[in-house]
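Have a look at the structure below before the remarks.
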Amino acid sequence: MSRPAPSAGAALTTAGFAAATTWVALLSWRGFTDRPATFLVPLVVLAVVVAGVGGLGRAARIGTGGVLLLQTLLGGMVASYAVSGSPVPVGGAWTDLRAAVDLAVEGAQAFAPPVPASEADVAPLLIGGGLLCLLLVDLLAAGLRRTPLAGIPLLTIYSLPVGLVGTELTWWVFALSALGFLVLLFRQEAAAVGRWGRALDGEDRTASAPALQSAGVRLGAATVGLTATALAVLVPLAVPTLDVQLLDIGRGTGGGDGIEIENPMVDLRRDLNRGTDVPLLRMRTDDPDPSYLRISVLSRFTANEWSSGDREIPTENRPEGRVPDLTGVDPDVPRTTFDYDVEVLEDFRSTWLPTMAPVVNVRADGDWRYDVETMDFLAADDDLDTSGLRYSMTGVQLDLSAQELADAGTSAGQVSADFTELPSDMPSIIRQLANDVTASAPTRFEKAVALQDWFRENFTYSLDQVPPGNGTDDLVAFLSTDEGGRVGYCEQFAAAMAVMARQLGIPARVAVGFLVPDEVEPGVFEYSAYDLHAWPELFIAGSGWVRFEPTPADRASGVPTYTQQSVDGPAEEPITPGGRPQDDTAAPGGPAGEEPSAEPTEAAEVETGSDTETGGVPSWVGTVLAWTAAFLLLVGIAVSPRAWRTRRRRQRLAGGPEHVWAELRDSALDLGVPWPEGRSPRETAGGLQPHLAGSQESVAALESLVVALERSRYSRAGDTATAGDWEPLGAAVLAGLQASAADGVRRRARWAPRTLLRPTRVSGHATPAVERELVDHAR
Amino acid sequence: MAAPSTDGADLETLARVADRVRANIERVIEGKPEVVSATLVVLLAEGHLLIEDVPGVGKTMLSKALARSIDCSVRRIQFTPDLLPSDVTGVSVFNQDTRSFEFRPGGVFANIVVGDEINRASPKTQSALLECMEERQVTVDNATYQLDSPFMVIATQNPIEMEGTYALPEAQRDRFMARVSIGYPVEAAELAMLQSHTSHTPLDELEPVTDAAELRKLTSIVGDVYVSEPVQRYAVAISAATRRSPELSLGASPRATLHLVRAAKAYAALSGRDYVLPDDVSGLAERVLAHRLLPSVEASMGGRTTEEVLGRILAGVAVPEGQRS
């Protein structure tokens, strides 16, 4: 029986609710751009177009496909007009449209949300995505009348910003879109319940019918929730975010004498081992000792290596003059500034810009960007490197004193907790060593000095036969007293000291750069490949990132002067006996019974730490959990149609002949057996018999079932013959149907039943009283 | 719609009597069970039967066999071109003795009236049957005479293409509940017929197996058969579809719908059911409706018969699924 066309009013109302709900949900995308009106206003027009075309089209009985086509066509024209100024994207308008979309895609990749509209207009992407969502929700809720499924796109819209931006969600957007969704659900269910009500009106209604209905709704809701959750988890994983970890992959050795630096640590080791020294960079400066020219900062330590981690490099962070003030340095620390003019030689191709540290002013051509946390400069453009580059900068030399360094207070909250983050499975030997070495040092600074001195006194510098790498295992080997241990070069020294500092709760990172240059003429210094070096930087409140030099004198003859001064007086900060001092940025959770922290601010940050076994959960656990959850959800989604179908079958088979018959119909359709609409049970059964695999039992069961169904439908009211257990009959017919189906068909029916997405049936239509009266004469 | 329930005993009685009648008729008309069934359906539904076929296939034999099987009054009217309406209905004659007009009942005053070759009479005479068939009464000279119950007209006719026939007017056709065609017998049946009909006349040996009183009881049993609302809707939908069809210039009348449902009730009772199925309705639709429908000029030119058109219409009308009303 064909579905009666809804009235124009009802169709428009449903489509209007669907579009309005989608638009409200799309409000959660406000955070993607700093000018949300640029996409929200066109989407209002699109919502009106989609709802209007959908409502009127359905009232006019244009098929679902036709309505969707019309909506897509008109919506596409409106979207094209909003983006390119022309409703029909041909010729110049097509070029404009392409350019706008390309720009939007580039902008979305290059900028963290909210994308500044002045730099890149991402509205075309948002308009396109919004249109897609409008179409999908309209199709599901108004076209196919499967409102529960419309919850999936709605929830996806809503959860997208969380996954991508991690922004807070606005409660009222959720409340409004949830409300709209519920109204849509109510409209659909009210219609469905209305149909049930009329059919059973005034009769001994069987309780199972409404129960079945509500069970179906509940199950539908559960499926939607499951799927939506899975999408919310999976979509963010699938969408790439800005990650400078890309630098891990070098561009190859490049051949010749060229020196390339992309991954600083890897390149450093290679370049130190070169057969010949290559001059890389020349610098004219008034600085008498321009040592420690920093190329890059490695801030993330994973079990495998030190890396540059993720970087945030907004476009405004360009070296076009002044760069931000020195992080964490007191204004009253005495300082000297020097000017540097740098000329990079052709052979030195680095995607990182060498600068002094700290630096206050940099002027360089090209799209270099800096990260405010690390203050190193990297090329935002794939084709950009330092080869042949000339630039100038102003560096600062701080006159740090050991006393002030030792007296420094906590650095909690001044730098990111990332700088104390360590993998959770760090071998205890490293922590043990760090504690032992620094046991007698009362303050953070003195502990750092103790570590530096320990390395310089007890270790041997050698580039030959060193165990490569700076991961956990490499460091354990480097620190051990076994044969081959305690020998290394700057990479291991810097890496080991930074890790041990982090173990002690001191924010630490590894810097890669040049050590001491050769003065080729007065005021002109030349840095060569052999000068490449790595050193640790530790954060001390009031002094900022402080350089240390654990590499023995064979390589680095001098240590920073402040590490040689003596320190007087007791430390202001309490030290836990036999343990570690308070963590600067994130106090690790100590064993129970440990003295409470003297500083509430530190105690409050216990949760953010992750440097010990007892600390927070390391990132890989989260990743594994997320993937496991995603996998489980996928499995859940994959099996849910089958579970839903099986459950519905069980419920129906337990019901009366009408329910068993409905189950037979769905099962037949699932198996691809034709089931004519609008035929009598007897006729339908006749068509079904050839599909029963010749089983006499199934044929007999089908016949009994047909008689029962006829009795229930057409016999006199009050006939009790409909009571009985029809499940065995239904099961026998189902067995016959399945036996005659091919294996593949049967599998598909089980895992992806066609009737899953069948539009809600609308059966029967009102009988005019006149017609009924006429037939009454036949009695 | 409260109707007295039909219990199983009633249906069994009906089946027993029907089987006896059926067996009786089949002694004469061999190899045509579906024709005999249709005849029984019309008998039990209190309708009139039109038997249309070429000469010599047993039309008259069927009607006479049915008449003989029932112990009731039977009249036979041979419709000829010179037959007058008064021959059918009856006439008032002046009685010299009583010096008053006296009514002489015509041929229709019987329980079963066999109208042979009905389309050979003039339309005027054919129309004389109109009142008696529908209203079961005869009005002559302002006096109305009721006919006995049961009353059934079994008319036979040759196809209208045959020479010397007058087509039955639409109003007349509409009054027949069903039309059946006997058709030629299969060879085996014809052979059997030769053996039985050459030595003796089986028709003469038929004994009545039921009577008018019992028949009245049976028709009341049929009247109690339940017709659910979906089935009623289905019957109405079929009739409505014939009226809408562009291939028909005349669709089914409301009376046709009525006849269809009545026939379906009789068929259901004969099948041992006290309720009507949509299949009963669709199964009888051709016999009950086809003779009332007129194909449109286009359909006739296209060589489509009324039966084909009706078949397509039936395939297009959905069976309502609704539950009990």
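Even glycines carry a Cβ here, placed using N, Cα and C.
Per TrEMBL, compositional bias 'Basic and acidic residues' is recorded for A:308-323.
Residues annotated as compositional bias 'Low complexity' in TrEMBL: A:585-601.
In the predicted model, the domain 'Transglutaminase-like' (A:482-552) shows an average pLDDT of 87. For A:482-552, the entry in TrEMBL reads domain 'Transglutaminase-like'.
TrEMBL lists A:308-330 (among others) with the feature region 'Disordered'.
Per TrEMBL, region 'Disordered' is recorded for A:556-617 (among others).
Residues or ranges marked as transmembrane segment by TrEMBL: A:36-56 (among others).
Long-range contacts of the transmembrane segment (A:63-83) within the same chain: residues 42, 45-46, 49-50, 53-54, 57, 89, 93, 96-97, 100-101, 123-124, 127-128, 131, 134-135, 138-139, 143-144, each at least 6 residues beyond the stretch ends and with a Cβ under 8 Å from a Cβ of the stretch. What TrEMBL lists as transmembrane segment is A:63-83 (among others).
Proximity of distant same-chain residues to the transmembrane segment (A:122-141), defined by a Cβ-Cβ separation under 8 Å and at least 6 residues beyond the stretch ends, is recorded for 14-15, 17-19, 21-23, 25-26, 29, 32-33, 35, 38-39, 42-43, 46-47, 50-51, 54, 64, 68, 71-72, 75-76, 79, 82-83, 97, 100-101, 103-105, 107-108, 115, 147, 149-150, 153-154, 156-157, 184, 188. The annotation transmembrane segment is assigned in TrEMBL to A:122-141 (among others).
Sequence annotations record features per position, and here TrEMBL assigns transmembrane segment to A:148-164 (among others).
Residues or ranges marked as transmembrane segment by TrEMBL: A:620-640 (among others).
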| field | Residues in the region 'Disordered' (A:308-330) grouped by DSSP into helix, strand and remaining coil | value | 0 helix, 4 strand, 19 coil
| note | Taking DSSP helix as H, G and I and strand as E and B, the domain 'Transglutaminase-like' (A:482-552) has 17 helix, 33 strand, 21 coil
